[in-house]
Every structure is written in C-alpha cells, then in structure tokens.
Number of protein chains: 2
Amino acid sequence: MNLDAALSTSKLLAGAAFLHFNDDSTWYVYLATLLADRYNKFNNRRRLSSLPVNDEFGLIRQWTNPYQTAAMQKSLGVVVGIGDDAAVVEMKAGFQLVLSSDTMVQDIHFNEKTMRMSDVGFKAMAAALSDLSAMGAIPKYALVSLTLPKNADITLSKQLYEGLYACADQFGVAIVGGDTTSTLGGWVVTIQVTGEIEAGMALLRSTASPGDIVFITGPLGCSAAGLDYLNTESPLKLDLNQSESIERLIEKHRRPLPQILAGRTLLHSGSCHALNDISDGLASEAWEIAEASKVGILLNEAMIPRNPDLILYAELAGKSAMDWILYGGEEYQLIGTAPKSQVAFIEQEFKKNQLDYHIIGEVTELFAGVRLLQLDDIEVEIAKKGYNHFA
Amino acid sequence: MNLDAALSTSKLLAGAAFLHFNDDSTWYVYLATLLADRYNKFNNRRRLSSLPVNDEFGLIRQWTNPYQTAAMQKSLGVVVGIGDDAAVVEMKAGFQLVLSSDTMVQDIHFNEKTMRMSDVGFKAMAAALSDLSAMGAIPKYALVSLTLPKNADITLSKQLYEGLYACADQFGVAIVGGDTTSTLGGWVVTIQVTGEIEAGMALLRSTASPGDIVFITGPLGCSAAGLDYLNTESPLKLDLNQSESIERLIEKHRRPLPQILAGRTLLHSGSCHALNDISDGLASEAWEIAEASKVGILLNEAMIPRNPDLILYAELAGKSAMDWILYGGEEYQLIGTAPKSQVAFIEQEFKKNQLDYHIIGEVTELFAGVRLLQLDDIEVEIAKKGYNHFA
C-alpha cells in the first residue's frame, strides 16, 4: 500500500481496517495518520483531534496491536477484547470481584520535569493495581481511559501506552478496553482494574485489633525524595556514588511496583488483620486504618527502616528523611496489622517469597488516631496529612 | 457539634468520621468544609483542592451518604463498598463479566450552555451503561473517576453526583468506588461499569449476516437537534407548541436513556445477530457493524422513522433532519441485525416490553460499507463520520 492509499484509508478513520494489513503497511497507516493530522489542520476541515482521538478503535488499536496477542489475552480469560462496545471476560467460580480505579493528572501528579510519558503510563497502571494488592486480590483486567490535550504530540500517547503495557504485562493484566477523548486542558489518565479474590477473604482497613503488630512491606520515603530531587531548581554537585543513589530514588518515583505478591502472601497466610496500600504516605494510611478500625496506632521511630539512598540524599539536600517517610506518597508498599502470635509465621512466608517485612509499631486501644514514639522517647500525634506533589 | 468543632473535624479530612455523625451534624461538617476551604485559601496554608479533592473518602462519602444505602448496595451484591482500597462484589456462577468505560470532557462533550452538571452526571452514567446494553448485559456496578478543576465551585460536584445517582438508581447500578482528583483544566468524568451476561451469549458487532434485516430501537437525531438549539446564537421566536417540542429535544440531549431492556429482550430472544449502540450517530455505528462483520449495510430512507419534534425543529431552523439522523450522536438507541425469519418474533417480544422497534434496512454481500437508498431511489454511500459537539 502506498502513502496516498494509506492516507485515504486513515481518513476513513478505519481503525478496524488495521487488522487486515500486514505489519509493514500498519507503519504506513501510522505515518499517514500523522500526515493526515497535518493535512486536516492545514485545511481546517477536521480538527486534529477528530482523526485519532475521537476514533477509539483507531487510536487504541494502533498502540495495542504490537502488545498483548489474542492468544495471550485468551489465556487470561478474555472472551471479547478491545473492539466491541464492551469487553467480555471470564470469572472463576468461588471468587469475588475486586474493583478499583485510579487517575493521574498532568501538573497535579506529574509534569514534564518529573516523569516521561512512559513512566506516567507505567505508574498509572501500578497505582490502580496497588489498590488490588491492598485487598489481597489477583489482578486480572484493566480499562484505560485516556484524555489527551487537543494537538498533543501523538508520539506521547504511544510512549504512554508502552509504559501501560509494560506494567500490565509484568503483573499478568489484560488490557481489555477503555475510552479515548480530547480536552482543552492537560493529560488525564484513568485506569480501572478488575481483580478476583477468594470469596470472603478480602483484607480490609477496618479489621485492625488492639494488640496487633503493625508492619510495612518495604522502606518508605524514596519516591518523595526522588521527586524532591526532580523539583530542585539548583542542581547539586554529585559524585558517582551519589548520582547512583539519586537515580534509584528517581526510579522509585517513576516506576513504583504494586505489592501484589505481598498481598497474596498475606491473604494466603490467613493471619493478616488489616491492610492498606501506602499511596498517600505512611501517616495518612495509618490514620485510615486507625479510623476504620476505631483503634490507635503507635509507630516506633526506631523500628522504621531507613533506605540508605534516602538517608544519603536527605543529608545532601539538608532535608528531613523522616518527613518523606511519614508524608511522602506513591510508594505503593503495604501497611498492615497482624496478631503478635502470627508474626513469626508471616515473616517466614515473606522470606519464602523473598519479600521484605518490617514491624514498625503496634495497635492499641489506649488512644484514637496515630502517634509516633520518637527516638527521644517522646510520643507525638502524627498529622493526618496527605501527599501533595507540587505544593 | 458546633461549627468550630465541625471546622476542625473537617480540617482533619475526616471523611470516614462522617459515618459517626447524625444527619444534622453532617450538614455542619459540609458547611464547615466550605468554610475551611475559604480559611485555607485565605491562609494560603493549604490549597483549596487539598481539602475536599485529594481526600477521596471525604468528597465521595459526602455526596454518597444521602444516596444508596448499605442495605440497597448489599441487595445488589456489594460486599465492600466505598471506603476501602477497592470494592468487593459478588458475581453469579454461569455468567461472564462485561466491562466498559466512558469519559465526558468539559468543552468537548458539554459546556455551561448545553448541560447542567446534574445532566453531565446522568449522561456520563447513561453513556457507560449504553455500552453494556449493546452487549445484552445486565448492568451491576460502577466506579466514578471525577477530575475537577482546582477552585471549582463545590456545589457543582454535588449536582454532578445527583445526576450520577439518579441514573444509577434508575438502572439498578451500585456505585462502589472511584477516584477524585483535581486539574488545571476542565471537568473530566470517567464512568467504568461492570455488568454480567449469560456465558457465551454476548451480542457482538461482528455477527451480522447477509440477508439479515437491520433495525433500530427508536427514532434518531433528536439529541443532535436539541444540541443545535442550545448552540443557537440568535433565539427563535417560538409558540407554546414549538417550545414544548424543543424542550423534548433538549431533554433527549441531556438525559438520554440506555436501552438496557431492549438489549436484554434481544439477548433473550436468541434471534439477534449483531448489535451496537448509537453513540456516534447511525452512519458511524452502521459502519462499525459492516466492517466488523465484513458485510454491506443498505439503509432505506423511506423506512427510517422521523420524530415529529425533530421534523418541526428542522423546519424552524432551516436545517436537515436527515443529517442529524445519520450523523447526530449520543442517542443511545441500539442498531442491530437479525434473520428475516425472526422479525415477527422479535417485534412481538419488543411489544410485550412496550419497546419501540423499526426495521430500516438490510445486510448484503453485494458491497462493503454502508449505503442509503434515498427517497429519490438513488443509492449513495454514507460517509463514515462521527459526531462532533462543537465543530
């Protein structure tokens, strides 16, 4: 197929027709879509957005084709995937559905300085999957609702989808549909995920019990420290060792991993009381458990793990590592509670799966809310404040 | 509780705490939230959005409390509703899941002139449910992902939720969660819906067969005509009869109804081949069936129903009713195909359920794509073009 033919094909908004072409001509259609955009803009007959954006088929298929194959999707239980009014998927008997959605917004959750578009895609999927991990669920299906700026560079969408699929593939999630729209504002990415869970086994926030220990599944504050560096106006002079530390912090901000295996391990252990994912910071999530369970949570500063990269950067930047640990968000580690008698068993199960596990406090009925026993032995209430990217 | 107490409570972002208050004090907290916004803005210590918007609990609970009760949600199979990391819901054995999402964007799908915020909520839910109707599915659960402008008037969110719940209640849908974020741009509302369908029974776009008749479930073009009136710069002089006609057209633009019962009737009939919902206009949706099924569709202008309000307004405005019928979107009627031998049976089933049913053409293998046999007996190809609100 030559470019003219591809151009007129793409002008037909023939998203579905992509399926009939071989791989080479798909590239022509893609190229022609770009050209058609310019053509339409120039002629002012159709707005840029009307070609790729309003054609849900065309745009989604375009990015989707190279990724999950029909065979891969079928193996995940997909009966009808992208391309009809809705997706149809299988669910196992004896399981319940777990449903959640998460939205990332340009200039609120990310900007050009802090995230590449592939990171935005990866992290949007990771954030939604993190909600499933906090219930102990198995992630299964995702819908991608993408709202992109009119006149957005179309290659940015492609990068976004690369990140989305990278995360979905890593966690065995089939992307089965969604919606694509344009806006006069910035990018908005909503990921809706569906998981399954053994009936009656979901791990809630409201089931913490006085006497429980409080644990987390990994060190905190790294994402917020990485973001702090990305937002720094005057660059620090760094040696190689420091640069590598900061690279790792940035990676934790851009590509956090949902703790699906930890959630499953906790569910299988039968020993976890309450569970929550740390999306808005340790303080805020501990508060959510305390309020939902009508208990107090006492965190012990001496027991809270300190990531060496975080400590190094906090010293370099002259800032408080503990602030990032308590109030830094988007770490997607889990915070949970369990009876003291089960601590050794849970620790053993975590070790089997090569997972990290740190006891950081206990559940009490002596007060309501969340307190921190500081290194100086003074007990202070922790503010219930959330995470703000660009405050 | 007095206002000061309510104010400090709301400053704790104590969404979960709402549950402990009686109805009177909920109002105080709501009022206090408004005041706290002003306080925060004035003090510049926290941005307006950080209080209600970033607290998913607080905002969603605030609007949710007066609506679907725990008992109502339980009767719909909700195990864990709004307030944990994710919702947990029951699914029936022998059924498959049907998943879809739909996004409405300010200044793309609506603006202040064309829609009230309660209409935006209603229509966003209706659009998502329409996708389920086009598969023949039973709608069950919805997630609401709301992105609102920083400094948005908080009462607008309340109106939006009123419309969302009005539509959800009308179709027996439990709203079980979502996400709430802010943006520097305009409103973005994504509704994700989950339905269930008898295993293997989903009605697809790809199953139209030569010899089938083509039917629709109601007259088209009314929504586009209503929108045209709302976008008119110079108001027409109208008599009472004309005003009432236009009111009905506007209502069809603002509060279209998903054809859930028609979808279920078609699935139960066992006689429907292909099915699609008319969200982007008759032409575009007929094209989707023709392409997915690799057939031609011949529409017969003489058989296409004409709504009297539409005809009246087209004459008043000096515009083409047929253009709105073919290219006007967001009607949420269904277009389907069925074997000729089953026409009488389907019509009888539709009558039983007091549903509208119009045969408007046939499926053929003589050509590919969509053609219209005009009143002048000339056959023309119909452009595969979508629906543009503010072109």
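Note that Cβ sites are derived from N, Cα and C of the backbone, with glycine treated the same way.
If you look up TrEMBL, you'll see B:83-196 marked as domain 'PurM-like N-terminal'. Among the features that TrEMBL reports, Mg(2+) 3 binding site is placed at B:D85, B:D131, B:D277. The Mg(2+) 4 binding site annotation in TrEMBL covers B:D85, B:S100, B:D131. Residues or ranges marked as Mg(2+) 1 binding site in TrEMBL: B:S101, B:D102, B:D179. Summarising the annotation, TrEMBL assigns Mg(2+) 2 binding site to B:D102, B:D131. Annotation source TrEMBL lists substrate binding site at B:H109, B:E330, B:Y387. Annotation source TrEMBL lists ATP binding site at B:Y161, B:G178, B:D179, B:R205, B:S279. Positions annotated as domain 'PurM-like C-terminal' by TrEMBL: B:210-365. Taken from TrEMBL, the feature Mg(2+) 5 binding site applies to B:D280.
The closest partner of B:S100 (Mg(2+) 4 binding site) among the binding-site residues, by CA position, is B:G178; the full candidate set was B:D85, B:Y161, B:G178, B:D179. Here the CA atom of B:D131 (Mg(2+) 3 binding site) lies 9 Å from the CA atom of B:D102 (Mg(2+) 1 binding site). Every protein chain considered, the tally of other Cβ atoms within 10 Å of the Cβ of B:D85 (Mg(2+) 3 binding site) stands at 27. Sorted by the number of other CB atoms within 10 A, the binding-site residues B:S100, B:S101, B:S279 start with B:S279, the lowest. For chain A, the nearby binding-site residues by a Cβ gap under 8 A, listed in sequence order, are B:D131, B:D179, B:D277, drawn from B:D131, B:Y161, B:D179, B:D277, B:E330. Taking the Cα atom of each, B:D277 (Mg(2+) 3 binding site) and B:E330 (substrate binding site) are about 9 angstrom apart.
Under DSSP, B:D280 (Mg(2+) 5 binding site) is assigned to coil, being neither helix nor strand in the three-state scheme. Looking only at Cα atoms, B:D85 (Mg(2+) 3 binding site) sits nearest to B:S101 among the binding-site residues B:S101, B:H109, B:R205. Neighbour counts of Cβ atoms within 10 Å were compared for the binding-site residues B:D102, B:D131, B:D179, B:D280, and the top value is held by B:D131. Among the residues B:Y161, B:G178, B:D179, B:R205, B:S279 said to bind ATP, no two Cα atoms are farther apart than 32 Å.
If you draw a 10 Å sphere around the CB of B:H109 (substrate binding site), it holds 26 other CB atoms from the protein chains shown. Looking only at the binding-site residues B:H109, B:G178, B:D280, the one with its C-alpha closest to B:S101 (Mg(2+) 1 binding site) is B:G178.
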